[in-house]
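Structure, as structure tokens:
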Amino acid sequence: MKKFIVLILALNMYLGVSAQFTPGDTLKYRISLKDKAATDYSLQKPEKYLSKKSIERRKKQGLPIDSTDLPVCREYVDAIRKTGVHVLVTGKWDNFVTVSCNDSTLISEIAGFLFVRSTERVWKGVTQRAFKRDSLINKPLRTDSLYGPAITQAAMSRVDLLHDAGFKGQGMTIAVIDAGFHNVDKIDAMKNIRILGVRDFVNPEADIYAESSHGMSVLSCMAMNQPHVMIGTAPEASYWLLRSEDEYSENLVEQDYWAAAIEFADSVGVDLVNTSLGYYSFDDSTKNYRHRDLNGHYALMSREAAKAADKGMVVVCSAGNSGADSWKKITPPGDAENIITVGAVTKRGELAPFSSVGNTADGRVKPDVVAVGLNSDVMGTDGNLRRANGTSFASPIMCGMVACLWQACPKLTAKQIIDLVRQSGDRADFPDNIYGYGIPDLWKAYQSTQR
């Protein structure tokens, strides 16, 4: 696997603080702050907290650097830490600090600080340990097709024609925010994937390659580059692998981890983000979302996804798999504004019965588009290909295609690319809450910009 060296110092600078692993703590809280009045940073010197690539992305799209780009005030973080809690992550866009402890009276003390707006418990439980590694076979079948069995999921939106024209994701950076990337470092067929780095926001001491297999299969949909075995939709893009999902529980704190992850992705200059995660039901049922909450602003993840769009990134996310359940609806962050929410279809273009539907509570069309999510061809933890179901796989299939389109149309902004994808859909004239704008034609989208 090709590795690119990144200074650890730079990683910590962009993240803001280094997360701590605190297995003995049973409580986690989100501390929302009022301001950044005590900041050590300046809008005139963004290179102190943003990478060159991140700054260039903003300049290229005419986007300002504003107060939301400033890290959370170090003075506030230090004051919170001195109470005895452990600081886990910070979020500069929504201006919060997430902490863990065993004593809720510490949170009462923090709530009295003049710079604190509110506190909310986001986790209660016991930290679980990592997975054991699955055994490897590493003998995937070879086929006559260059793409292997994945040809159908690529050809449905004609990204194979973009590949033939030389647009395979070169120069594009994609962050995959997920639950874990089991055996990615050991699977022979994945060793040529361009991985820039990894980061675990749930447990910094864990082996991200020994956690859940979900992110590994998601990554394979885009990044696989083994002719006659499997070609993904963006085989020559570069990837950051970021873990925000705690597969052992379902709590609000995972949105805090996700916020830290997407802000990190922005800071290191990522172009696109794929996240095949979504939440509406939690271990603490009092935190469950209602349909009226799907307005793009209620959930922290949705606010953060929309802010990522404002920073010039294309965020692609799964619609959810509740279409046949009582919930039925999309899940945050899929309700966010200016992102691409992806539903699932069969390889014949028919709706997958589990694919969640829209629209948002404020009437915006969701999902935006659809891609293959029933019997999707993905990599398994044993190093052999398998098939899997879920909008979790429709999303990265689409994300890789969008990366290739953006490579082919470098003068367009992130929001222009999103609109171009929507308008190339086979239902663009009459979008609905099931297919959205339909199955996009990425080759058609590209050609429309060449006239």
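Every residue, even glycine, has its Cβ placed from backbone N, Cα and C.
Taken straight from TrEMBL:
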ACT_SITE  ASP178  active site, charge relay system
ACT_SITE  HIS214  active site, charge relay system
ACT_SITE  SER392  active site, charge relay system
DOMAIN    169-438  domain 'Peptidase S8/S53'
SIGNAL    1-19  signal peptide
Local confidence of the domain 'Peptidase S8/S53' (169-438) - pLDDT mean:
98
Pop the Cα-Cα gap between HIS214 (active site, charge relay system) and SER392 (active site, charge relay system) into the table, whole Å please.
9
For HIS214 (active site, charge relay system), the number of other Cβ atoms found within 10 Å of its own Cβ:
22
Rounded inter-Cα distance in Å - ASP178 (active site, charge relay system), HIS214 (active site, charge relay system):
7
Once the chains shown are all counted, how many other Cβ atoms turn up within 10 Å of the Cβ of ASP178 (active site, charge relay system)?
29
